[in-house]
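J.: Supplied in structure tokens, the structure appears directly below.
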Amino acid sequence: MSILGIVVEYNPFHNGHLFHLKKAKELINPDLTIAVMSGNFVQRGEPAIMDNYSRAEIALKAGIDIVVQLPVVYSVQDAGGFALGSVWTLSLLGVTDIVFGSETGNMKLLDVLSDILIEEPTVYVKLLKQHLKTGLSFPNARKAALKDYLKLHLSDFAESIQEIERSNNILGLEYLRAIKQIRSDITPHSIVRTGADYNDPYFKGRFSSATAIRKLIITGQWEKVKQAVPDYSYAIIKRECALKKCPVHLEKMGRFILGLLRRLDREDFKNYYGFTEGLDARFVRCSRQCGEISEFLECVKAKRFTFTRLKRLLMNVILKLSPKLIEQSNKQGPQYIRVLGFNENGRSHLSRIKKKLKVPLLTTPSTWKRVMYKAISGDFEIDQDLFQLQMKRDIMAADIYSLFFDDVKVIKASNEMKRRIIYIRG
């Protein structure tokens, strides 16, 4: 059986995503398509523009058979942790092929680079340290070290060096690395992205970036939004915004975040993943000097810290993501598979494989404790403590996210534990 897996955020689902999905299906001709999707907080260190269930509903209407949620312990990590959690989840579900978008179709180059990252040759490590000493951020230092290593030791790829630069190529590289790291049988494929660059903030018509579309939603430019997304995506975006559940964005969270930070002293930051190189002192000082989150980020920013890294650190504080929890999750993998929605084809598949899975399926959040205890007494390969921590962080993420809806009544009614799975019939 051919099962296509894709890693998505759909923040929000737009015409470029639809193009990728169609091309992926044409390439694999799968019997089933599964998407692992970030929940309410995404990899760029921000809240999603809409909640997890509304984005899953759009994905199902686009033709995906099963949508599962990537636990938040992975969704707000850097490219490596994000890819690891995503690939691990898809592997647990029996996915045979993964297709990702990149700015290059050069799978041979990505394969070579992923080997370098896994094996970490002495020369590469030395080059990386040299670039870090110049004050470059880790992602930029790593790109520079990889480019230098290729020039020195793999001259056949010298002409392809510039392809390393683009963000989607780095993410594709991490998918390959994750597949090798967990020794998965998944076969990776890449298709060239189309349309605007991932971070392009400007409206470019039908193929605008998610960044540009989010700005249009926030500013209420609905005619332009309509051009950039499929009709079913537009209808659900409009519905969620009419319900005052959209848009959610980082600026809305600003005072909440600054309030949390102002309660902390430098030593408190050791409890949160990723705080190194004096960042604790910067966070303490800037949180007390600034009144908006954009101002805070500018205050903390330095050459070696990207804005995205700083925003992820904020998420680690908000969601109480400790070094131990992240390291343990990256070592042991997801402890459950949380299903957000399926169609008839997806439902049938889950019924067939449910008893063969190594981790339990979770379809109703309110039953998670019952599912966990049943799993422990059964044949599942899970860690009870890690299961609880991963699940509690997902629920916490949803509870915090709902605070930023624009209607108090909606906030009160938004209980993640009561959410029902989305089932698209027919």
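We count from 1, first residue shown onward.
Note: Cβ is positioned from N, Cα and C throughout, glycine not excepted.
Marked as ATP binding site by Swiss-Prot on the basis of sequence analysis: 7-20, GLY101, ASN168, ARG193.
Are these features on the surface or tucked inside, and what are their neighbours?
T.: Counting Cβ atoms from all protein chains shown, TYR10 (ATP binding site) has 25 others lying within 10 Å of its own Cβ. Look at TYR10 (ATP binding site): DSSP puts it in coil.
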J.: Between the binding-site residues PHE13, GLY16, where is the Cβ count within 10 Å the lowest?
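T.: Comparing Cβ neighbour counts within 10 Å for the binding-site residues PHE13, GLY16 gives GLY16.
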J.: To which of the binding-site residues VAL7, PHE19 does the lowest count of other Cβ atoms within 10 Å belong?
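T.: Result for the binding-site residues VAL7, PHE19: minimum number of other Cβ atoms within 10 Å at PHE19.
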